Amino acid sequence: MYVISPPVSKTREQIQSFREALENSRIDDGVRLDSRILANPKANVWENSGKYQGDIVLDDDQVETLVADYAGATSSNRAALVTPNTRWPGNVMIYEFGANEFNNAERDLILRGMGWVEHFSCVRFRRRQPHERNFVLITGRQTGCYAHVGFSSNRGAHTLNLARRGCLNNIIIIHELLHNLGFYHMQSAYERYNYVRINWNNIVQGMAHNFYRYNRNMVNLLSLPYEYQSCMHYSTHAFSSNGQPTITATRSFPGTMGHMVYVTHWDWVRLRRHYNCPGAWDERQIQELKEEVDRTLPLMIAAPPTTDDVQDDNEVNTVNENDIQ
């Protein structure tokens, strides 16, 4: 039986406080990622990146949308842990590396993450051409792992920052790419109180806004289950002030909440459905996808390369099937 808590009206002061918290998350305070990790080592790295919900970079219009949703004034437009009108045109995400941001081995890791997305979906990646205004600019500032959510024709350069020390993990790279492709975090779903409990007393003061739950008319799980193990789910200790869990499962499940070991087949199904990939709603193809995720798991969790391998800048480093046969 579902137990959805009733909507709670917000005061003007609460709404203003929420807005200020969102605006503050947009300020680059210059704090290094390794310093943030020391303050909360039990959290996922991207949760320690100083942005909204840890790693989401907000635009002006996104702030207004979130404030309106928080205040209960949103229209019937729906997000989906993904935002429908922010899919990349033609299912192609255009990207460019910042100048002198990464060495060849580091770029290879990022391209490898793109390769996984291509392997499991109909999304494709392409290097930017000089005339193209809208693209993802990939940088390596040491302030964290963070990204804009989805495509915006008014944005120009879309943010994807992957700190060279801390963020060049296969799953973190894919997590941030999923933000760029339109995904928010799993625990923000309206249905979450059927599955988790938020331990508000354990949250760092001033960080409670990061646990905001979207209203029903803003979030759509695409007819898929709420998933504890999603790579887009908070860990149990996100924004913990005292080393105690801030989010607790209310149902039993295998594995670890919000783990950073591999991407689940449900994560890939969500991506496929969001981008209307062929077979995304077909049960047989979903089962085949699960089998492929299981089959390629050893390669997904393989240690990153340590050599400065040369990579063709115009190609995505796709999954090498021979590595796991």
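From the backbone N, Cα and C atoms, a Cβ is placed for every residue, glycine too.
Per TrEMBL, the feature active site maps to GLU176. Under DSSP, GLU176 (active site) is assigned to a helix (H, G or I) in the three-state scheme.
Sequence annotations record features per position, and here TrEMBL assigns Zn(2+) binding site to HIS175, HIS179, HIS185. If you take the C-beta of HIS179 (Zn(2+) binding site) and look for same-chain residues 6 or more apart in sequence within under 8 angstroms, you find ASP55, ILE56, ALA147, HIS148, VAL149, GLY150.
Per TrEMBL, the feature compositional bias 'Low complexity' maps to 316-325.
For CYS122-CYS277 (among others), the entry in TrEMBL reads disulfide bond. According to DSSP, CYS277 (disulfide bond) is assigned to coil rather than to any helix or strand.
The Cβ neighbour count for CYS145 (disulfide bond), using a 10 Å radius over every protein chain in view, is 27. Annotated disulfide bond per TrEMBL: CYS145-CYS167 (among others), in sequence order.
What TrEMBL lists as domain 'Peptidase M12A' is 79-278.
Annotation source TrEMBL lists region 'Disordered' at 304-325.
On the backbone, the CA of CYS145 (disulfide bond) and the CA of HIS185 (Zn(2+) binding site) stand 14 Å apart. The average per-residue pLDDT of the prediction over the domain 'Peptidase M12A' (79-278) is 93, rounded to a whole number. Candidates CYS167, HIS175, GLU176, HIS185 (recorded positions) were compared with CYS277 (disulfide bond); none lies inside 10 Å Cα-Cα.
Other C-beta atoms found within 10 angstroms of the C-beta of HIS185 (Zn(2+) binding site) number 27, with every protein chain shown included.
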